[in-house]
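Okay, structure first, notes after.
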Amino acid sequence: MIKPVWIRHASQLATLAGGSEEPVVGDRMNELTIIEDGSIWLEAGVIQRVGTDEELEQAYGHRAHEAQIIDAAGKLVTPGLVDPHTHLVHAGSRQNEFNMRLNGATYMEIMNNGGGIHSTTAATREASHEELFAQSKRRLDQFLLHGVTTVEAKSGYGLTLADEIKQLEVAKQLHESHPMDIISTFMGAHAVPREYREDPEAFVELVTQEMIPEVARRKLAEFNDVFCERGVFTPEQSKRILEAGARHGLLPKIHADEIEPYEGAELAAAIGAVSADHLLRASDRGIQLMAEAGVIAVLLPGTAFFLMAESANGRKMIDAGVAVAISTDCNPGSSPTVSLPLIMNLGCLKMGMTPAEVLTAATINAAHAIRRAHEIGSLEAGKKADVTIFDVPDFMTLQYRYGINHVDTVVKNGAIVVAGGSLV
Ligand SMILES: N=CN[C@@H](CCC(=O)O)C(=O)O
Ligand SMILES: [Zn+2]
């Protein structure tokens, strides 16, 4: 049994309380519900109490000798960050394509010539379960070091039933063996593999008739995602794929309007997707429809940055009443990073969001985007004891001193897993 953890004297304890029922929208994204000289008692993997240090001294002072006490004076305490969109499990690396893009090639040109997603698919098919596990575990450790305690992870670099299952089984084993919680998404419709180039409909058939039923039967995923993009899957194919998933209990997500406007936001609203992700080129009408349908926008400004494209208009989406979450999109092609705090900074500088809004987007709204807001994303009694402590005095400074990893301590399920900026 691990000892209780008592975090005391935080200069700011950003609780993000009050947003567990519905995603946080509009002006409320700026309300972090901050406690100064904040204190939090974690026990049995659960947050027991949150308040001022004086309040907790009264409640728990007599048990201080039992606890591991962390002095957070001068520091910012937040919920463990949540990353709701990653391609965590993959093999290989694409630095050669980075160089090609710097020399003028586009992301889609590289993919259409057999690189891009196809190149990672080849490497992932080639890798054994053990190799995939080892490479992905390294990334998970790095996520933890950047203050992230839960990640969503997509398949989509297998593109055969066996290789998709291999990716999802690696994610499952990581979830079971690593402190990080991993929420799995099936993304067999990430690309039409080269061997189906002449007959994409046959691949859609394979995804809907064979892959989705089998993944659902084995309970290897909760969500179903599709890359709805010109030259990949059409809106009509995407709709069929997402509806097939829904029939098998997989909740729909969609990579929408990333490279070109393609009515992905409109489709997300029409089918009631949990989230629409990317949205760099989403139309005003699509944004409005998403707000009305309650579809969460998962924005990925690191991808726009890395592809040298204009970011999604986060400001416009928030002002239109869309609930916005934010994510690294960690993948080997368009966003090879695990630094969610850096992505939050890009949210401020490139998407017009405030430091408070990006913190809401990376905690409680990100938790909603993976349907976990009842247990993570805010510091409230009864939720999982997932807490990140940054060595900055306030949430503004976290964004202001950018590109530095400020994480000091991470507590996951009530256990200290990062201390002094290093894995324990
Ligand atoms: N755009 C589609 N999928 C990923 C990139 C995958 C890759 O390039 O390997 C994304 O979300 O950015
Ligand atoms: Zn993605």
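If you go along the chain as it appears here, the first residue is 1 and each next one adds 1.
Glycine residues also receive a Cβ, built from the backbone N, Cα and C atoms like all the rest.
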Open item on the list: If I go by TrEMBL, which of H9, H146, H255 binds Fe(3+) at the same site as H85, H87, D329?
Closed with: H255
Open item on the list: Of the candidates R94, R371, R372, which one does TrEMBL list alongside Y157, H190, E258, S334 as binding 4-imidazolone-5-propanoate?
Closed with: R94
- [ ] Give the sequence-ordered set of same-chain residues, not counting H85, H87, H255, D329, with Cβ within 8 Å of the centre of the Cβ atoms defining the Fe(3+) site.
- [x] T86, K154, D225, D277, H278, L300, T303, S327, C330, N331, S335
Open item on the list: Can you tell me which of these binding-site residues sit near ligand 1, meaning the Cβ is under 6 Å from at least one of its atoms: H85, Y157, H255, S334?
Closed with: H255, S334
TODO: Give the sequence-ordered set of same-chain residues, not counting Y157, N331, G333, with Cβ within 8 Å of the centre of the Cβ atoms defining the N-formimidoyl-L-glutamate site.
DONE: H87, H90, R94, G116, I117, T120, G156, P332, S334
TODO: Determine, using Cα-Cα distances only, which of these binding-site residues is closest to H87 (Fe(3+) binding site): R94, Y157, E258, N331, S334.
DONE: N331
Open item on the list: Between C-alpha atoms, which of these binding-site residues comes nearest to R94 (4-imidazolone-5-propanoate binding site): H85, H255, G333?
Closed with: G333
Task: Secondary structure at R94 (4-imidazolone-5-propanoate binding site), reduced by DSSP to three states - done: coil
- [ ] Reduce the DSSP letter at H255 (Fe(3+) binding site) to three states and note it down.
- [x] strand
